[in-house]
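> Just passing along the structure, written as structure tokens.
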Amino acid sequence: MSTTTATVLLEGFGYLEGARWYRDELWCSDIPTGRVYRLQPESGVARIATEVDAKPSGLGFRPDGTPLVVTHADSALRRITPDGGTEIVASLSAVAVAANDMWVDPQGRAYITQIGYDLFNGGEPQGRPVVIVSPTGEVTVAGKDLVCPNGIGLSPSGDTLYVAETFSFRLTAFDVDPHGQLSNQRVLKQFDSLERDALDGLCVDSAGGIWVTAPFSSEVRRVLPDGTVTDTVRTHTPGHFVVSCALGGDDLRTLYLCTADTDLERMANNFDGTARIESVRVEVPGLAIP
């Protein structure tokens, strides 16, 4: 297994989430500031796509290029309008508590995760489903007993959906049929302990490897579909959380990390912390979002 350390590209953010590489830019949500950024990390260019006072988190893109953002505070799916505003596509509050990350498939179907309980005010963890929003805004759910389902993404063939369960410290997989329905829920990789192996964001490369973040260990791990861990990337500064990741750059072989100097107590205070974009070069390229 190879182990490398990331380098710092950009600083000065609050708490970055939802990293996605799209059309030569790294998109990220800065939860405490309400901003969704469009970044060119190597040049330092940072543009604001929208500002929304509802804790933006997961990001994705419809086939026509329309950006979508999940807002954590009101558990809603919104589209970002050309003038920089947002419009609610679907309210998720009936089926989600603190909607979180998202992956949008090539048909425009959004798969959305959720914290699932009042994490920062002493709530008890509860098993929750994945939320699915159709291209026309219909809301359904699939799966069960996911404990803080978080990072989410599809395999290269699109027939498997991966979900990182934060407080069960495991990767879970589902079969995906041609209509986007989920079945055959199963554990792909069970890690060992909450203290080291709580999981957060993920991205999938073109060979089917799953890069998943482990914030308490300050590292990202590449996991094969058979559960083998092949690579580990550590944050530039030991002890910093690594929250989200995305493969991008000209050849899709740059792994971008959203890292944060924070802890759970500070996160309870409106995600207090300071965030960076870090990166490392990897061997296997990512998957381009159409």
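One-based numbering along the chain as shown.
A Cβ is built for glycine as well, from the same backbone N, Cα and C atoms used for every other residue.
TrEMBL annotations: computationally assigned, not manually curated.
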> Please state which member of Glu11, Glu17 TrEMBL lists alongside Asn150, Asp200 for binding divalent metal cation.
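Candidate in the recorded divalent metal cation site: Glu17.
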> For Asn100 (substrate binding site), what is the tally of other C-beta atoms lying within 10 angstroms of its C-beta?
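Step by step: centre on the Cβ of Asn100 (substrate binding site), count other Cβ atoms within 10 Å, giving 28.
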> Return the average pLDDT for the domain 'SMP-30/Gluconolactonase/LRE-like region' (17-260) as a whole number.
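Residues in the domain 'SMP-30/Gluconolactonase/LRE-like region' (17-260) carry a mean pLDDT of 96 in this prediction.
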> Give me the CA-CA distance between Asp118 (substrate binding site) and Asn150 (divalent metal cation binding site), in Å, as a whole number.
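Roughly 15 Å, rounded to the nearest whole number.
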> Which entry in the list of binding-site residues, Glu17, Asp118, has its Cβ near the fewest other Cβ atoms, using 10 Å as the limit?
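Sparsest of the binding-site residues Glu17, Asp118 by Cβ contacts within 10 Å: Asp118.
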